[in-house]
């Protein structure tokens, strides 16, 4: 274990730890995917272990499921849970209206299904993920492998009529082969640079034959928790306008690392 966490890991831990404070005994939770969400799973496991917190977790990817089980969190399927109290997940970008780009970890389909089956979605992120306009991060689109090149052409044609600055579309690879999602689909990354109007773009993409889902999360996120490299953390709620500022005890992060043997 490093003597000190990097500023980026400090920020991710701070956001994750504050978000896990929102979890109550008996909740059914959506467990996100990605490096920040992995911190959340670790923090949740700490509460389960130390407080006897009883929760059920619905993971949004195979790797999140494996981590949650390894740390002692009860894992169930969404069909078993049926509906969730809260989902906590990361984001690749978010704007002032809490519109998101997600899918950098190729789990966007399960992430969106789980988030929309929840009473509340809380996004955890470091401060660098907040942007004035979405689009600097490539927008992932999950597509069926059959005819994916035709689907790509249809996406490129659709982008011609959209308020975006870039229109390059690339197939995401794993080594020399197409990356496969948990559902055995492909990911096309849309390099748009700036998205002027996310909502019509999201609707248009999902009308294209061969598109399974896109990484724009519109009207899904309720709360954003932002961590900073010095341990400060802010919580912002969209509907209530609530804004809280605080800080996190970083010794707890080091304890989590030590307990996990990292």
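Using the three backbone atoms N, Cα and C, a Cβ is placed for every residue, glycine included.
Since we're looking at a predicted model, the values are computed, not measured.
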Site-mate of 33, 34, 35, 36, 89, 90, 91, 92, 102, 103, 104, 105 for substrate in Swiss-Prot, selected among 129, 152: 129
Maximum Cα-Cα separation (Å), residues 33, 34, 35, 36, 89, 90, 91, 92, 102, 103, 104, 105, 129 listed as binding substrate: 16
Integer Cα-Cα distance in angstrom, residue 129 (substrate binding site) to residue 111 (active site, proton acceptor): 18
Distance [Cα-Cα, Å, rounded] between residue 111 (active site, proton acceptor) and residue 91 (substrate binding site): 10
Sparsest Cβ surroundings (other CB atoms within 10 Å) among the recorded positions 33, 111, 129: 129
Secondary structure of residue 35 (substrate binding site) (DSSP, helix/strand/coil): helix
Residues close to substrate site centre defined by 33, 34, 35, 36, 89, 90, 91, 92, 102, 103, 104, 105, 129, Cβ within 8 Å: 32, 37, 111
